Every structure is written in C-alpha cells, then in structure tokens.
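Participant: Below are the structure tokens for one structure; questions will follow.
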Amino acid sequence: MTTARYRPTWDLALEPLVSCKLCLGEYTVEQMTTIAQCQCIFCTLCLKQYVELLIKEGLETAISCPDASCPKRGHLQENEIECMVAAEIMQKYKKLQFEKEILLDPCRTWCPSSSCQAVCKLQEKGIQNPQLVQCSACDIEFCSACKANWHPGQGCPENMAITFLPGDSSSFFKSLEDDVPIKRCPKCKVYIERDEGCAQMMCKNCKHAFCWYCLESLDDDFLLIHYDKGPCRNKLGHSRASVIWHRTQVVGIFAGFGLLLLVASPFLLLATPFVLCCKCKCCKGDDDPLPT
C-alpha cells in the first residue's frame with residue numbers, strides 16, 4: 001500500500017491529478033493510497049475515514065475495498081490498516097477480529113459470566129452435542145449449547161435465547177431485567193453490551209433489531225410503534241419530538257417513493273407499446289430468410 005508524502009507545491013502543480021472514487025476530488029498521486037490486493041486507489045483521507053468508521057461501528061468481516069464494483073473484491077491487510085489509523089483504533093480492530101475468530105471456532109466459546117468473559121475450550125469429540133464446559137478462570141460450569149448452568153440429563157431450556165449471567169456462579173441466568181448491562185441477541189445468541197442511549201438495539205453479528213427491555217423483534221417496526229404501548233411505553237430513550245421527526249422522515253421516504261412511481265407510471269405505459277413494437281420488429285427480422 002502506498003501512502004501520501006508531502007512535497008513542495010511547485011512540484012505538485014506539475015504532477016497529473018487522480019480522481020478519488022469516494023469524494024470525487026482530484027489529488028496528486030502522493031496524496032492517494034493504493035490497496036495492495038486489488039490496486040484500487042483512493043485519496044488517503046477518504047480511505048482513512050472509511051476504515052475508522054467500519055472499526056468504530058464494529059465490523060463483521062474483513063475490511064473490503066470501498067469500491068462496490070471492485071473487480072478483484074480486494075481487502076485491506078492488517079499492516080495497511082495499521083499505517084492508517086491511531087493506536088487505540090487499531091487495538092479495537094484486533095479485538096474485533098479476535099471476537100470474530102472465537103465466534104467462528106466450534107472448539108472455543110466465551111464464558112457466559114459477565115464478570116469473566118474468558119475463552120473456554122470445548123472437547124472436539126461430540127462437538128455437535130451439548131457438553132459440560134468449565135471455565136478455567138472462574139470455574140463456572142455451563143452448557144456449551146445454551147450457556148446456562150450445566151443441566152445433565154435435561155434438554156436446553158427454550159427460554160434461554162436471551163440470558164444474563166451475573167458474577168455469582170451459584171445463581172441462574174437472569175433475563176428481561178432493565179438494569180442489566182449485558183444480554184444476548186434473540187437470533188444469534190451473541191452477547192451484546194448496552195452502555196446507554198436508545199433501547200432499539202441492532203446486533204452487529206446478525207443485524208437483527210430488537211427491543212432491549214422486552215427483546216421483541218423490531219425488524220419490521222420502522223415507525224417504532226412498539227414504544228407507544230405495553231410495558232415498553234416511552235422507554236425508547238429519545239424525546240417525543242425526536243420520535244415524531246423520525247416517523248416523519250420514514251413516512252416522507254415512502255411517500256416520495258410512491259409519488260415517484262405515480263408520476264412515472266404514465267410514461268411507462270406510453271413507452272411499453274414502443275418497446276414491444278421494436279422487439280417484434282427485431283424478432284421478425286431474425287426470422288426472415290437471407291436473400292440468395
């Protein structure tokens with residue numbers, strides 16, 4: 001990966017300018033960065049902001065080339081990312097990569113205790129079946145499948161999709177409590193920590209949206225009607241004005257799309273006969289025998 005170096009302005013004025021695909025600005029070659037794997041080139045500032053944004057939001061895969069039409073579908077290597085971002089952001093990137101590695105490894109899992117969160121090893125023999133796992137750090141014994149306290153001779157409880165395990169290893173999982181900082185995604189079972197803010201949560205692993213308090217799915221609740229009634233009423237964490245503004249934006253988007261279809265429909269109806277006519281002429285021309 002090439003990085004920018006600064007040179008006197010009189011030298012830069014003589015160099016050809018290269019267009020950045022992200023900001024569409026024109027820069028000298030030395031102000032650009034080339035991704036080694038695919039040779040796509042962007043201005044260094046744009047690529048740096050792109051990488052930092054993905055890391056701060058919590059990436060789920062390797063950082064890919066920002067060009068959606070990249071022919072090689074390249075990815076940034078770790079050394080390229082390290083040259084671009086600050087040390088604390090790079091540390092978070094390595095942590096995210098490690099968490100992803102544990103998530104994909106069938107022989108390793110996280111200790112479910114919120115006060116521990118150590119990595120535990122599973123026995124490779126019978127890995128597809130629930131097995132007893134003992135954390136080497138806090139000595140808690142739990143089920144590898146549902147992460148509940150070990151339950152020999154019993155099936156995994158169906159209501160263990162969302163659980164929270166406090167520091168006391170003798171107590172059972174708590175769920176559906178407003179004050180617990182860690183809960184599990186109802187879809188993929190990954191642990192999610194909520195510091196503060198909005199109660200509408202989105203799992204970074206599976207992109208499932210749900211309510212933090214009652215764990216109900218919000219995937220189809222674009223207007224956040226869920227927080228207008230029931231036990232979660234007015235618990236969204238935003239002012240009433242901000243909720244109304246959000247709903248206005250959503251309704252405006254759908255209304256604009258519908259209006260666009262309404263305006264375009266007469267033109268589509270008028271254009272359809274011409275398209276069909278041209279297609280029929282082309283087909284007729286193909287069927288005519290060649291002159292001899």
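The backbone N, Cα and C atoms fix where each Cβ goes, and this holds for glycine too.
The annotation region 'TRIAD supradomain' is assigned in Swiss-Prot to 16-236 on the grounds of sequence analysis. Marked as Zn(2+) 1 binding site by Swiss-Prot: C20, C23, C43, C46. The annotation zinc finger is assigned in Swiss-Prot to 20-70, 91-156, 185-214 on the grounds of sequence analysis. Annotation comment: Swiss-Prot describes C111, C116, C135, C138 as Zn(2+) 2 binding site. For C143, C146, H151, C156, the entry in Swiss-Prot reads Zn(2+) 3 binding site. Per Swiss-Prot, the feature Zn(2+) 4 binding site maps to C185, C188, C203, C206; the stated evidence is sequence analysis. Annotation source Swiss-Prot lists active site at C198, citing sequence analysis. Annotation comment: Swiss-Prot describes C211, C214, H226, C232 as Zn(2+) 5 binding site. Sequence annotations record features per position, and here Swiss-Prot assigns transmembrane segment to 250-270 based on sequence analysis.
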Participant: Counting only residues 6+ away from its ends, which parts of the chain sit with a Cβ under 8 Å from the transmembrane segment (250-270)?
Facilitator: 222-223
Participant: Taking the Cβ of C203 (Zn(2+) 4 binding site) as the reference point, list residues of the same chain whose Cβ is under 8 angstroms away and which are at least six residues distant in sequence.
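Facilitator: Those within reach of C203 (Zn(2+) 4 binding site), by Cβ under 8 Å and sequence separation of 6 or more, are C185, K187, C188, V190, I192, A209, F210.
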Participant: Whole-number Å only: compute the distance from the Cα of C23 (Zn(2+) 1 binding site) to the Cα of C206 (Zn(2+) 4 binding site).
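Facilitator: Distance (Cα to Cα, whole Å): 30 Å.
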Participant: In whole Å, note down how far the CA of H151 (Zn(2+) 3 binding site) lies from the CA of C135 (Zn(2+) 2 binding site).
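Facilitator: Rounded to a whole number, the Cα-Cα distance is 16 Å.
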Participant: Compare the Cα of C20 (Zn(2+) 1 binding site) against each of the recorded positions H151, C198, C211 and report the nearest.
Facilitator: C198
Participant: I'd like to confirm something. Which of the binding-site residues, C43, C111, C138, C143, has a Cα closest to the Cα of the residue listed as 'active site'?
Facilitator: C111
Participant: By CA distance, which of the binding-site residues (C111, C138, C206, C214, C232) lies nearest to C146 (Zn(2+) 3 binding site)?
Facilitator: C111
